[in-house]
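According to TrEMBL, the protein has these features:
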{"type": "REGION", "residues": "1-72", "note": "region 'Disordered'"}
{"type": "COMPBIAS", "residues": "48-68", "note": "compositional bias 'Pro residues'"}
{"type": "REPEAT", "residues": "145-179", "note": "repeat 'WD'"}
{"type": "DOMAIN", "residues": "189-314", "note": "domain 'Translation initiation factor beta propellor-like'"}
{"type": "REPEAT", "residues": "190-231", "note": "repeat 'WD'"}
{"type": "REPEAT", "residues": "231-273", "note": "repeat 'WD'"}
{"type": "REPEAT", "residues": "383-412", "note": "repeat 'WD'"}
Amino acid sequence: MDLLSAAYGGATSDEDDDEPPSFPPVATALNSFAPPPVKRPRWEYQPCLPPPSSFPQPPLPKAAPLPTSPASGRYISKRQRALLAASRAPVDAASLLPPQTTAEVDSSVGSITDSNLRADILHSLRCQPKPGSSKSLPSKLSVSLKGHTKAINCIDWSPTHAHLLTSAGMDHTVHVWNVWDKGNTTACVLKHHTAAVKDVRWSPHNLSLLSGGLDCSVQLIDVVEGKVIKVFKEDQAVEVIKFNPSNPNLFLSGGSKGSLRLWDIRSGLVTKEFHRSLGTILDIEFSADGRQFISSTDTTRSNISENTIIVWDVLRQVPLSNQVYTEAFTCPCVRYHPHEASFVAQSNGNYIAIFSARPPFKLNKYMRFEGHGVWGFPIKCNFSPSGRELASGSSDGSIYFFDYKSARPLRKIEAFKEACTDVVYHPVIPNVIASCGWTGEISVFER
């Protein structure tokens, strides 16, 4: 009997195999696009995951009852193993996106319509004078907007409804301002983020906003309805976002772990990733045709300055050059010229450098924009729509205007008592500029 038992005990069933069953992991909204984890450099931030209550996951669809996992040592046929594996198959990441929810809106909201604007502003918006038609610079304070309780990181004019301005603050809110409304200039206050909001952008074709922040999410908001249309979850704090100018359904995000991702709003999925061992992404900027973009990176912890500014090819997902700027300063802002083949970078060396936008993207060593201060603040700069002037915020709270061709200082306006962090020209009315500051205020100047 012992010999028979040994003989039959060594045999296997025709339905069995030697290897233990293995089950694929369930997909999540994070690992659906992320590559296999790599060794974390010592300077990277700890993983930043949003609170479970912020982005609830819908329950998976119910399937027919399947055999439960058997106890250890129990015989399992191949058919049972296949059923078990199918029950644990990955779920499409798109199905994990949260349903539409209503963003929390402050009760003291105004209107987003242009029915109550100043008469001269309404006339200018409807006539739409050509950019740069007037040679005078903004000098007179037009409107002062107050509502944020902490520093404002950025501001953006609506390209389709140019009386509206949005702002993103460290107080976890996004404000929409009806700038020249004769009643309430605060159109609405959105509280859909659970941490500081670092960037906000108007959609190029409708009244929706895209915002990203330290809660590791980018959110698309319908301003008219006050609803969260879609949430794009990241594994890093989101520092900057930009729409692709050639396709408004695509946007690029950059964050604290150096990841650059191109998202499709329609599917809610990542379409491209741009890999390189980078520090925190400070800024990104698309070329006018959307085929290239520039990234600015914090390289202070890696002691490698050659990656401070990188020019990327969007289609091939490769850097065209990573040795654009080799000085030992980070650059909190990069901007393409609206009409010429050049771009500028705001340097923590307290100047703005200018580069060619054509390979090999050479730095102009004989011209720079100087006179303002940066001193570690996230100071941004922007070109006028005509491209004739370059305006920059400053650590001293002022706005500095420069002539683009000669880099000559043109004018200085005192806007705030503390740092002026962002300046944005109006897209329609010449010589109107908005600025925001470290104290949570917004000042709009006109000629």
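Using the three backbone atoms N, Cα and C, a Cβ is placed for every residue, glycine included.
All TrEMBL annotations are machine predictions without curation.
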## Note on the structure
Taking DSSP helix as H, G and I and strand as E and B, the domain 'Translation initiation factor beta propellor-like' (189-314) has 3 helix, 71 strand, 52 coil
### Task
With a Cβ cut-off under 8 Å, give me the same-chain residues at least six positions beyond the ends of the repeat 'WD' (383-412) that come close to it.
131-132, 137, 139, 335, 337-340, 344, 346, 352, 354, 367-375, 377, 418-423, 425, 427, 430, 433, 435, 437, 445
### Task
For the repeat 'WD' (145-179), provide the mean pLDDT of the predicted model.
97
### Task
Summarise the repeat 'WD' (145-179) by DSSP state, stating how many residues are helix, strand and coil.
0 helix, 19 strand, 16 coil
### Task
May I have the DSSP-based helix, strand and coil counts for the residues of the repeat 'WD' (383-412)?
0 helix, 15 strand, 15 coil
